[in-house]
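Data first, discussion second: the structure below is written as structure tokens.
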Amino acid sequence: MLAKAVISLWLWLQFAAGQDTPGRDPQPSVSNWEGDLLFLLDSSGSVSYYEFSRVKEFMWDLVKPFTFGPKDLQASIIHISTSPTMEFPFDKHQSGGSLQQAIRDTQQLMGDTNTGKALSLAKEKLFSNQAGARPDVPKVLVWVTDGFSSDDISEPMQLLKDMGVTVFIVSTGRGNYLQLSAAASQPPEKHLHFVDVDDLPIITEELREAIQDVVQANRLHAVDITSSSFHLIWPQLLSQETGYYTLEYAPKDDLSRKRTEQVPGAHTSLTLSNLTPETTYEVALIPESNIHYFPPQTTRVTTLPEEITPAQVLISESGPHSFQVSWAPTLESVTSYQILYGPLPGNSVKLLEVDGKHNSTVVDNLAPNTTYLVTVTAVYRSGKEKSLSAKACTQEEGSKIRHLRFEDVGPNTLKASWDSADGKVLGYRVRCRRQTGPSSVISVSPQIHSVLLTDLPSGTTNKVCVKPIYKQQAGRGLCRLVHMQPGESRIPPGHVQR
């Protein structure tokens, strides 16, 4: 017991000095990379031949430094199309050169973008012996997409993550930020990339390093880091019969709060929870074996800042007498949400109560062609509250324009789009009344249902109206208020406060 205490004390001194722990004797070799890497490749007709070839070049470059084989990394490709198709199983290509040639030879299938079906197939193949997948190795999914899917992805993607798959998403289009950030592993800033197809090389090294963090088999490391937990993964050094692990962890600035857990030798992962947000933890894994000596493995992990909600409020499905309010994220620490709404200008307000498990509600019995201020307040179990507001406009009665939407496509620029109006339309007139700067009017042909709105300064609220033009007169239009977030807090793609 004294010897073990001395070793433990020495290990924590090594933490403080920031030094590695040397081994005393040669240990069994452990591969640098070990895991099953699956590319989910958008092979549908929504992707051009040029874009598909650029994505293949990106994949080819991404895997170049890795070693492949039955004891190293293995890779496979599943095509997103009308029906998902596996290009080759994990154990087909056991060298980097063979895999790169297989990527070059991959042909586009065309068809629909049924990503949900492809994710369901991925869940099956990532854990299938018949597909060459291996048990107890890290599972990584890299989904390269133009941001569009014909079917639902939320449920199959969550099942994959629940089974321990680390999900990286590369969007080469203007996908829905809320949907894709929820689909990627957390935190999204490490696992989600928005980049033009010609700029894919910019993110190659960053994505490769993130994948390396997951599949590096020769050291202890953490994945799925949140504000209160992280998942530890380490190589299989012991078995149930040959020993066990002692896991020790403590905040870097207060090592006296060290906690210890004993882990069976057959295990290669463990989730630590009930941790303090925004805190750096020193973690040590000590293999206890009477057969081989394995030096302790250490890592340093910083938990994320405490999550707050609502961080985003979205107004959608607006009609003459109703609209839908949605917010994110949803947290277990919230008991309920209060939705306070009232017309502008005015002093009359109404209140809706929503259960903490829900993230949207419909506000109805509203006046047409009216601007409302909507405030969503999260009531936490601790009693504290957090609020966020957005403006919303109801449609005119009998408006010919429906579903006016906005998408952030660059600094001070939005894309406005709408559904086609009823009747024989000669064209559309789009008016943008800027809070600062001149107003503008754009006329487009009846086949065009979107325009770019530029020179919208950050921090301003601008009014955008779209009217259909008929032979005798202009039809009833639809107007929306669009708020440009200030500075670096610019609206993410697909998110507009109206």
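A Cβ is built for glycine as well, from the same backbone N, Cα and C atoms used for every other residue.
Remember, TrEMBL labels are computer predictions, not curated facts.
Here TrEMBL flags 1-18 as signal peptide.
The domain 'VWFA' annotation in TrEMBL covers 36-211.
Annotated domain 'Fibronectin type-III' per TrEMBL: 216-307 (among others), in sequence order.
Residues or ranges marked as domain 'Fibronectin type-III' in TrEMBL: 309-397 (among others).
Assigned with DSSP, the residues of the domain 'Fibronectin type-III' (400-489) fall into helix, strand and coil as follows: 0 helix, 43 strand, 47 coil. Here TrEMBL flags 400-489 (among others) as domain 'Fibronectin type-III'.
Summarised by DSSP class, the composition of the domain 'Fibronectin type-III' (309-397) is 0 helix, 50 strand, 39 coil. Broken down by DSSP into helix, strand and coil, the domain 'Fibronectin type-III' (216-307) contains 3 helix, 43 strand, 46 coil.
Within the model, the domain 'Fibronectin type-III' (400-489) carries an average pLDDT of 84.
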